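J.: Structure in structure tokens, see below.
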Amino acid sequence: MGRFLLVTLSLLVGAFSLNEANSCCCPQDWLPKNGFCYKVFNDHKNWNDAEMFCRKFKPGCHLASIHSNADSADLAEYASDYLKSDGNVWIGLNDPRKQRTWVWSDRSSTNYLAWNQGEPNNSKNIEYCVHLWALTGYLKWNDTPCKALYSFICQCRF
């Protein structure tokens, strides 16, 4: 009986420790994924203001970068659930030098792209920032003027 209680108690302590480890990293109402925390904000901002808003949380926070189909699908589902397909969503991809060289605001590698068909097209030579397109269920990207006002997704490590 004593051994059974000791094993049971050890399992309970371990379970609580694991639960705390999983919930300690992201604030409530942020989505944990691959060591990052993500949050959709429905405040409509231009790309630069959205990036600055994300950076204010703590050093290393930026607009979200996406590096795989799985990440894209998870963030698309999260944005769809939160926004109900109501408007486009800024991500951290942009062309700061206006040379059609796309970079993430967190300086991570540009190893995955999910452009909508015919994009990026730099319509009227003023499209240097990227959003998740609501019309595609947030799965595809579009280049658009950075001054457009959209919701946005921040990415942080807490």
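Start at 1 and count along the chain as shown; that gives each residue its number.
Including glycine, each Cβ sits where the backbone N, Cα and C put it.
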J.: Taking Swiss-Prot as the reference, CYS154 is linked by a disulphide to which residue in CYS26, CYS37, CYS54?
T.: CYS54
J.: Swiss-Prot annotation: CYS26 disulfide-bonded to which of CYS24, CYS37?
T.: CYS37
J.: With reference to Swiss-Prot, specify which of the listed residues CYS146, CYS156 is paired with CYS129 by a disulfide.
T.: CYS146
J.: I need the nearest neighbour of ASN121 (N-linked glycosylation site) among the recorded positions CYS37, CYS54, CYS129, ASN142, CYS154, using C-alpha distances.
T.: ASN142
J.: Identify all same-chain residues not among GLU127, ASN142, ASP143 whose C-beta atom falls within 8 angstroms of the centroid of the Ca(2+) site's C-beta atoms; report them in sequence order.
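T.: Not counting the recorded site residues, we get GLU119, PRO120, ASN121, ASN122, SER123, TYR128, CYS129, VAL130, HIS131, TRP141, THR144.
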J.: Checking your reading of the structure: which of the disulfide-bonded residues CYS26, CYS37, CYS129, CYS154 lie inside a 10 Å Cα sphere centred on ASN142 (Ca(2+) binding site)?
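T.: Close disulfide-bonded residues: CYS129.
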